[in-house]
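**Q** Feature list, courtesy of Swiss-Prot:
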{"type": "BINDING", "residues": "18-23, S37, 39-40, G66, 121-122, D124, 152-153", "note": "GTP binding site"}
{"type": "BINDING", "residues": "G18, T19, G20, K21, S22, C23, N121, K122, D124, A152, L153", "note": "GDP binding site"}
{"type": "BINDING", "residues": "S22, T40, D63", "note": "Mg(2+) binding site"}
{"type": "MOD_RES", "residues": "A2", "note": "N-acetylalanine"}
{"type": "MOD_RES", "residues": "S185", "note": "phosphoserine"}
{"type": "MOD_RES", "residues": "S193", "note": "phosphoserine"}
{"type": "MOTIF", "residues": "39-44", "note": "motif 'Switch 1'"}
{"type": "MOTIF", "residues": "65-74", "note": "motif 'Switch 2'"}
Amino acid sequence: MAETYDFLFKFLVIGSAGTGKSCLLHQFIENKFKQDSNHTIGVEFGSRVVNVGGKTVKLQIWDTAGQERFRSVTRSYYRGAAGALLVYDITSRETYNSLAAWLTDARTLASPNIVVILCGNKKDLDPEREVTFLEASRFAQENELMFLETSALTGENVEEAFLKCARTILNKIDSGELDPERMGSGIQYGDASLRQLRQPRSAQAVAPQPCGC
């Protein structure tokens, strides 16, 4: 039986190698921790249908390799992404320091309107923390990002990170800030009736006015 959904969103999971991107994806899709996680080679893919604000949304999620040698390959997957999880490891300042470069790639190669949530992963390793919550919050605020600390091991805030990103995209569609019909938006309608309901006013038929004669 074919899946039915109102919208399809293309998501990216980006950030340096070793930050737990694949484990976040696995926790979100399978609801369990990926014990034998190796570095991603190129890209990995997962999908899940979720309910967000009364709408059924299919998330197509591309988990990209963090190593520099794969950047030319993974960058080709950025195009047409509606949302992204930008991931760093709270126990590794090096992964935090590279966030600006990853964010530039996302906004340049995907879309200037891409919705990004910053995820400080490995929250379960708090005693080994190298990046404070306050510092990361400041980075998120300066770059107009949402922010959560997550744990792929315990599952803390993993679901919320994906859903918060999807919820923001839906709100932007409702407000007219994002147009699903625009090429490269990373958004597709799953139900044809929704497309008709959300046609721009200029495209809808104008009711005839009485002539007054």
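Heads up, the Cβ atoms here are built off N, Cα and C, so glycines get one too.
Give me the local environment of each listed feature.
**A** In the structure as shown, the Cβ atom of L153 (GTP binding site) sits within 10 Å of 18 other Cβ atoms.
Residue environment of S22 (GTP binding site) contains 21 other Cβ atoms, counted within 10 Å of its Cβ in all protein chains.
According to its DSSP assignment, S185 (phosphoserine) is coil. Around the Cβ of S185 (phosphoserine), the number of neighbouring Cβ atoms within 10 Å comes to 20.
Over the motif 'Switch 1' (39-44) the predicted model carries a mean pLDDT of 52.
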**Q** Among D63, D124, the binding-site residues in question, whose Cβ has the most other Cβ atoms within 10 Å in this structure?
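**A** Selected residue: D63.
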**Q** Measure the Cβ-based neighbour count of N121 (GTP binding site), defined as the other Cβ atoms within 10 Å of its Cβ.
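**A** The answer is 30.
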**Q** Whole-number Å only: compute the distance from the Cα of L153 (GTP binding site) to the Cα of D63 (Mg(2+) binding site).
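**A** Rounded to the nearest whole number, the Cα-Cα distance is 17 Å.
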**Q** Write down the Cα-Cα distance for S185 (phosphoserine) and G18 (GTP binding site), rounded and given in Å.
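**A** Approximately 29 Å lies between the Cα of G18 (GTP binding site) and that of S185 (phosphoserine).
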